[in-house]
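These come from TrEMBL:
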type     : residues : note
DOMAIN   : 512-561  : domain 'Cationic amino acid transporter C-terminal'
TRANSMEM : 64-85    : transmembrane segment
TRANSMEM : 131-150  : transmembrane segment
TRANSMEM : 162-181  : transmembrane segment
TRANSMEM : 187-210  : transmembrane segment
TRANSMEM : 222-238  : transmembrane segment
TRANSMEM : 250-270  : transmembrane segment
TRANSMEM : 291-315  : transmembrane segment
TRANSMEM : 389-408  : transmembrane segment
TRANSMEM : 414-433  : transmembrane segment
TRANSMEM : 483-500  : transmembrane segment
TRANSMEM : 512-533  : transmembrane segment
TRANSMEM : 539-557  : transmembrane segment
Amino acid sequence: MAVERDLRNRNWWTEFGKAATRAKASPLLLGRAADGKGSGSSGGGGGGDGEGGGLSRRLGLADLILLGIGASIGAGIFVVTGTVAHDAGPGVVLSFALAALVCVPNALSYAELSNHFPALVGGAYMYSYSTFNELTAFLVFCHLMLDYHIGAASITRSLASYFITLLQVFPVVQSLPAWVGPGGLELLGGVLSINVLAPLFLVALTVILCQSVRESSIINDIMTVTKVVIVLMVIAVGCSKVDPSNWTPFAPNGATAIITGTTIVFFAYVGFDAVANSAEESKNPQRDLPLGILVSLLVCAGLYVGVCLVITGMVPYFELGGDAPLANAFREKGLTFVSVLIDIGAVAGLTTTVLVGLYVQSRLYLGLGRDGLLPSFFAKIHPDHHTPIVAQIWVGLVAAILAGLFNVSHLSHILSVGTLIAYSVVCACVIMLRLNPEVQWQQLEVQPSDKGLTRSQEAVVCIVSIALSGFLLGLCYRTGAHVAYGIALLMVMALLAIPLHTRQEYVRPSGFCCPWVPLLPVLSIALNMFLFAQLHWEAWVRFIVLNIIAILVYAFYGQHHAGANTTLNQHSPLYQRAP
């Protein structure tokens, strides 16, 4: 009996290992044209897997740019700019500029992969599934989804609060019960926090998203344009009240405060995955997705820097702070009407952030439903509206329950893990997909060489080691360790990058491609892990616990259902180039 049990355990681990290391068939890369099969609206769109046909390609370049802006710019542009400026001084301008600069390699990596994986939704999940393996892709999905679920509920709570504040200019709305007004009605010692307005917002947004993507895109376009116009008006009006003497000293607390500010505002640029997940609904994904990612990043950076210059020029930096620093600055200058505009812009900004977040979540669930890692009903597409109806209702329901019953803003310090993981994995995907000629990549190099590790395995070891070194460097900075430790870790990373450059051969694909591979993606991975080390320690605990839970879910469900929807060692028609 003991022998049989031991044999069963070995067989289980063997099957688990085989399933976990499965990968999507390599898409058509490196300029090789599609043969035309499957590149129509059904094959190229990947709609054949879900019931009711595929998604419809309705999004143009302007829609994608506004989608990225809508995902990135919320009420934070009116709040975070001032709160960070309170510590960094006028140097907050450099904090936002450096954060945008750090995001550029991430954006370039997303742009390259969106150009060469244009046919399906999935973003970072789909890229890692095709590049690495099934388990890595599932872990990326789980971390992103936790960020999206909690983020949607938390932001909707803020949206309800701003909305009530905006309505309180009318006397009839001055007094509202706690379960309607800002905050919520706390029960059971604060375990429950009832708010009925936030779920109503989520229901309305879910109904909009269940319609055609064109309708939801129009709503996002209108509200994003509204908030951008308001931000530009705030900048224009504020310029007339700027006192240049307030910009001196520029960095009152030194470079350390500016770098710390960079680690905080980095998460103001999070629109890449939203644009990448719209691949199946873009009219011309290979051209528009890279442009949408990069242009939205540049626009967001320009708006953030503009607001920072105005707010630090209007009011001395040490007077900034509180819940509404920008609005307070304009009130002090006698421009009360601008504070009303800021509230309107905050409502519009938060609405688009939630709208885009729910949109991305449903497309991720759609991708996993198609692949079998989640139940297949998530892949159901409405025959008339061409939207993932079940997935969209599910993500709206989860967010509504969280926002209606709990004050999840207390969990904000454990967020952003999924963002950093997704960014790092996408950068690693660029390196690995460039690594070998196409014929070698199609064979997946699964046969180890007689000399030990294959070239792909060597590259993975170097990338993981660089990521770990970047994390340790971040810990050294966070704990104030001696500078010698930081220099030593930088030297280790440089040594690890040398074999990536000298021992590997990289192929430059056609179309848009990230420059300076592997240097730029490797630098981006190190910076992402440096920022990961700056997160709250509970975020690290969340990373470990969620990985364990995700592996268990995959072991007992995902690995047994994904095989039917995955292919190995041959091209899947789902990954043909989009028309």
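Backbone N, Cα and C atoms are what each Cβ position is placed from, and that goes for glycine too.
Keep in mind that TrEMBL annotations are predicted by a computer and have not been checked by a curator.
The model shown is predicted, which means the values in this text are computed figures rather than measured ones.
At the 8 Å Cβ threshold, with sequence separation of at least 6, the transmembrane segment (291-315) lacks contact with the transmembrane segment (389-408), having fewer than 3 such pairs.
Taken through DSSP, the domain 'Cationic amino acid transporter C-terminal' (512-561) splits into 39 helix, 0 strand, 11 coil. By number of Cβ pairs under 8 Å, the transmembrane segment (539-557) is matched best by 414-433 from the list 162-181, 222-238, 414-433, 483-500. Below 8 angstroms of C-beta separation, residues 102, 105-106, 108-109, 111-112, 115, 263, 266, 290, 417, 420, 423-424, 427-428, 430-431, 434, 463, 466-475, 477-478, 493, 497, 500-501, 504, 506 of the same chain, each at least six residues beyond the ends of the transmembrane segment (512-533), sit close to that stretch. Tertiary proximity for the transmembrane segment (222-238) is limited to same-chain residues at least six positions away from its ends with a CB under 8 Å from its CB atoms, namely 66, 69-70, 73, 77, 299, 303, 306-307, 310-311, 313-314, 326, 329-330, 335, 338, 341-342, 344-345, 348-349, 351-352, 355. Sequence-distant contacts of the transmembrane segment (187-210), counting only residues of its own chain at least 6 positions beyond either end whose CB sits under 8 Å from a CB of the stretch, comprise 152-153, 156-157, 159-160, 163-164, 179-180, 216, 219, 351, 354-355, 358-359, 362, 382, 385, 387, 389, 392-393, 395-397, 399-401, 403-407. Through the fold, the transmembrane segment (250-270) approaches residues 71-73, 76-77, 80, 84, 87-92, 94-96, 98-100, 102-103, 297, 300-301, 304, 317, 416, 419, 477, 531, 534 of its own chain, all at least 6 residues removed from its boundaries and within a Cβ separation under 8 Å.
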